[in-house]
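According to Swiss-Prot:
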type	residues	note
ACT_SITE	Ser629	active site, charge relay system
ACT_SITE	Asp707	active site, charge relay system
ACT_SITE	His739	active site, charge relay system
CARBOHYD	Asn84	N-linked glycosylation site
CARBOHYD	Asn91	N-linked glycosylation site
CARBOHYD	Asn149	N-linked glycosylation site
CARBOHYD	Asn178	N-linked glycosylation site
CARBOHYD	Asn228	N-linked glycosylation site
CARBOHYD	Asn280	N-linked glycosylation site
CARBOHYD	Asn320	N-linked glycosylation site
CARBOHYD	Asn330	N-linked glycosylation site
CARBOHYD	Asn331	N-linked glycosylation site
CARBOHYD	Asn519	N-linked glycosylation site
CARBOHYD	Asn684	N-linked glycosylation site
TOPO_DOM	1-6	topological domain 'Cytoplasmic'
TOPO_DOM	30-765	topological domain 'Extracellular'
TRANSMEM	7-29	transmembrane segment
Amino acid sequence: MKTPWKVLLGLLGLAALITIITVPVVLLNKGNDAAADSRRTYTLTDYLKNTFRVKFYSLRWVSDHDYLYKQDNNILLFNAEYGNSSIFLENSTFDEFEHSINDYSVSPDGQFILLEYNYVKQWRHSYTASYDIYDLNKRQLITEEKIPNNTQWITWSPEGHKLAYVWKNDVYVKNEPNSSSHRITWTGEENAIYNGIADWVYEEEIFSAYSALWWSPKGTFLAYAQFNDTQVPLIEYSFYSDESLQYPMTMRIPYPKAGAANPTVKLFVIKTDNLNPNTNATSVEITPPAAMLTGDYYLCDVTWANEERISLQWLRRIQNYSVMDIRDYNNSTGKWISSAAQEHIEMSTTGWVGRFRPAEPHFTSDGRNFYKIISNEDGYKHICRFQIDKKDCTFITKGAWEVIGIEALTTDYLYYISNEYKGMPGGRNLYKIQLNDYTKVACLSCELKPERCQYYSVSFSKEAKYYQLRCSGPGLPLYTLHRSSNDEELRVLEDNSALDKMLQEVQMPSKKLDFIILNETKFWYQMILPPHFDTSKKYPLLIDVYAGPCSQKADAIFRLNWATYLASTENIIVASFDGRGSGYQGDKIMHAVNRRLGTFEVEDQIEAARQFSKMGFVDDKRIAIWGWSYGGYVTSMVLGAGSGVFKCGIAVAPVSRWEYYDSVYTERYMGLPTPQDNLDYYKNSTVMSRAENFKQVEYLLIHGTADDNVHFQQSAQISKALVDAGVDFQAMWYTDEDHGIASGPAHQHIYTHMSHFIKQCFSLP
């Protein structure tokens, strides 16, 4: 379960947004300045119309020293060291195509470019599209042996220009762009058998991707997963489409709910060098380790260590036990050989393995060692070095902070992102550690621009000779290019200076990032504070909540969103709090909600609101809460708790009963809804059981009728329970909208409607 995608924007330094990271409440722009400030505020229209547009710099590395960047619809090739560019593909080249190009992908050898058009979105990551291949040497389209329309996924091999694609749930390989395709699988069937692509639950909850294809580093082998959903129950819902449609369409998706039959999975590998168009290709299955065969299991990661060594991670349905199985190719038999010494077990005794799944391994170039993020004995996620045939590993990082991700591995260094700097869980910085001396660690971003940039991500060139640093806040996004040998900044790629100048004329809110201590534990929060914030005044407070396991809402990212409008124009404080169950602060906090969803994370939001109301600047008669998805669930549970703290709240696309949500996500945290396992906590964590307490609050319930993720059923049952209890409440549905309610008209309508509700609740004009 994830929150709907929202545009993330930022502001330069103190000119547009002030971020305070401190323990005591800090006074900002106090008092008398407000009357003299004639600048306009950031309005709801500004948010809905995206009046202030941030610039991004999305490059694509094509080698260790060159990258592509699209500018004025020309695709330019840049040299990283010197910054000079040449036209890789002119805008005029696209004029000869019959279709509008949605995206492109260049073959690793630079000879061909794959052009995508007719894009049709399916679920969160999945889509279908049509493709043409352009020969860059001949400067012409390849017209023979074209890729079929409505292709579900396509990818180049890591070297050369082989192609693997999925069409009608079957896998195909092209060894040359202009040659005929080799059909690899023959079993594909809609809503039943998926080859090379994920079914709904694997796409949403395990791979976070549609692809289930994995090329070996040189393209000799192709691994692919097969999912069998024939026993998975279908979710069915109406899709109303145009008003001229007399009978609505019925959408059907194999969707395993908690405790229901899951898809089964198999993993195959095929050698692509010897494909013969006259004979069917032979795929070799790699079966799971014996420890997985005692019950249901998931395939959760596939990583190639080298050309003839593959790592598979398998996870039991009760997600506290996983096995990483490293297999080697036997040339004489064509089989992938297992060894007990090359099986690595990862377990959790306090919750589940990993943050959402076991982390992927990062292998050394010889494939003999790998680095992986796992929990240490203190429950913090850190990097451990493994030898492939040894059970124990050596931690190379440590501390009361967490490694977020391994970003690059070279002969001498490992690069990673962590939140170590200044003990702030909501920050992100880039570090490198010397592999022959783990005590030699350097932060490459911490002191570059600490006022503007405290939240970084990174993109490395093919062999990590260069990297792009991407600063997401608290100031405006800043993109810089660096040389790895000395970490020197070579140039600024984008600094959003034009936007900063525009925002000088707007009264922008400030952001406070701080913590409170509850039961001797630090819990972080953020507040978006109105312009000219004055601690002697009383402001209405809106809690913006998500609160799902391993979530984080208090961070150093700058956003231009609905909260910006509420603070700037309506003088509402918008706060978020990371309580028990939240992520990136150790397993003790994250696993507190294990098998207990709907308890501590709900209680902590209520307690946070109480603590905020004691700070002196919150009007305790005007406190509201709102959230989307898991946040909608927590909002509803909070309002149904009868605490007397909240006047009103908004729940968008909420879960209402955990048996209604998908198996992978729900069972990770709750186990199975059976009397032998955790049925009592399933029953005690429903919104409907709290219906009577909604008489004490004002409640707005919102859902899209075509939500494939959190089904409309969830809100329908809340509505039914409230009606049965005689509760007066407001509700809004959005016809044919999915979980994001993101189409243009619906997006504008929902935020306008919610704004009216909040203003009415707070008695604002």
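Just so it is clear, glycine is given a Cβ too, placed from its N, Cα and C backbone atoms.
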- Note on the structure: Most Cβ neighbours within 10 Å, among the recorded positions Asn280, Asn320, Asn519, Ser629, goes to Ser629
- What subset of the glycosylation sites Asn84, Asn320, Asn330, Asn331, Asn519 lies within 10 angstroms of Asp707 (active site, charge relay system), using C-alpha positions? none
- Item | For the glycosylation sites Asn178, Asn228, Asn330, Asn331, the one whose C-beta sees the most other C-beta atoms within 10 angstroms | Asn228
- Message: Rounded to a whole angstrom, what is the C-alpha distance between Asn178 (N-linked glycosylation site) and Asn320 (N-linked glycosylation site)?
- Response: 47
- Cα-nearest neighbour of Asn331 (N-linked glycosylation site) within the listed recorded positions, Asn84, Asn280, Asn320, Asn519, His739: Asn280
- Could you please provide the mean pLDDT value for the topological domain 'Cytoplasmic' (1-6)? 48
- Message: Quick check on the glycosylation sites: of Asn84, Asn91, Asn149, Asn684, whose CB has the lowest count of neighbouring CB atoms inside 10 Å?
- Response: Asn84
- From recorded positions Asn84, Asn228, Ser629, the one whose Cα lies nearest Asn149 (N-linked glycosylation site): Asn228
- Message: Which one is it, among the recorded positions Asn280, Asn320, Asn519, Asn684, His739, that lies nearest to Ser629 (active site, charge relay system) by Cα separation?
- Response: His739
- Message: Between Asn330 (N-linked glycosylation site) and Asn684 (N-linked glycosylation site), how many Å separate their Cα atoms?
- Response: 53
- Taking only the glycosylation sites Asn228, Asn280, Asn320, which one has a CA atom nearest to the CA atom of Asn91 (N-linked glycosylation site)? Asn280
- Query: Cα-Cα separation of Asn684 (N-linked glycosylation site) and Asn320 (N-linked glycosylation site), in Å?
  - Reply: 23
- Query: Hey, what's the Cβ neighbour count for His739 (active site, charge relay system) at 10 Å?
  - Reply: 24
- Message: Measuring Cα to Cα, how far is His739 (active site, charge relay system) from Asn519 (N-linked glycosylation site) in Å?
- Response: 36
- Whole-number Å value for how far Asn280 (N-linked glycosylation site) lies from Asn84 (N-linked glycosylation site) (Cα to Cα): 48
